[in-house]
């Protein structure tokens, strides 16, 4: 019991960006702006998809859930990081560590499966357009989305639960800007071999399965596109897949670089910033700027807003006179 209490009472210090005290204010402003734009962009995209009925198709349902998970990822990491810029102690408890890692792992794992389902959706749309509504029914879409969330939740709970078997009696300084699981293992005085084994057992198969799904889907798409005789058809197919392929490439390159072997946590910081903070910022723009349907819906909303604004102005004039 004493050992368990010692583990649960542990507190850690997030070193973060303390090596750059002269840039503290600038970094706070930059990351605050990124956080604000990320939340507005992702939650705005979610609202747009679920309010506009014609966007309630499998592709946009997956996209809306991806945006929701990007918001979750940003919320898990950024607020505590911003607080620590002006905090004297920068302390985080084990409970906070577990919660932070749980939501981050949930978001990243669910993202992996959602990106794979989006690749499969594009494969069906381009390679089997006549059977699309049969092969990608709303029921299947909901099941795939629910499955992605369940897998993310289970994966997170396993790793967070295994943290309870560790005790921390070494340095309590985490050389990172958030409470990631690998830096925690370095501080454990209990052998974390079982925890590390669970990463290999669960995380690596998830990566292999989702990456293989994406690669096979795009290989089939490329073979189908090259067989198309119409240049317009090829252009439309490439345009449909370009944003998703760009997002997938950035996500997996950063993720694979981050989970690669590293002895010091601070060496992971630049890559972690990119995959935990920058990617959630970029995704709404990657998917929206090249998407005619989303742009048309935005234009429609802006037109309605301008009409409403003009109507209110005219009504105010009548009230004045």
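Cβ atoms are placed via backbone N, Cα and C, with glycine included.
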Given ranges 77-97, 98-118, the stretch to which Swiss-Prot attaches the annotation transmembrane segment: 98-118
Swiss-Prot topology check: residue 178, residue 268 same side of membrane: yes
Matching range for Swiss-Prot feature annotation, transmembrane segment, among 26-46, 173-193: 26-46
Secondary structure content, the topological domain 'Extracellular' (161-205) (per DSSP, counts of residues): 25 helix, 2 strand, 18 coil
Predicted model, mean pLDDT over the topological domain 'Cytoplasmic' (227-240): 74
Per-state residue totals over the topological domain 'Cytoplasmic' (47-54) - DSSP helix, strand, coil: 7 helix, 0 strand, 1 coil
For residue 97 (disulfide bond), nearby residues of its own chain (Cβ under 8 Å, 6 or more apart in sequence): 12, 163, 179, 184
Collapsed DSSP category at residue 97 (disulfide bond): helix
Contact yes or no, the transmembrane segment (55-75) and the transmembrane segment (206-226), 3+ Cβ pairs under 8 Å, gap 6+: no
Residue counts (helix, strand, coil, in that order) that DSSP gives for the topological domain 'Cytoplasmic' (119-139): 18 helix, 0 strand, 3 coil
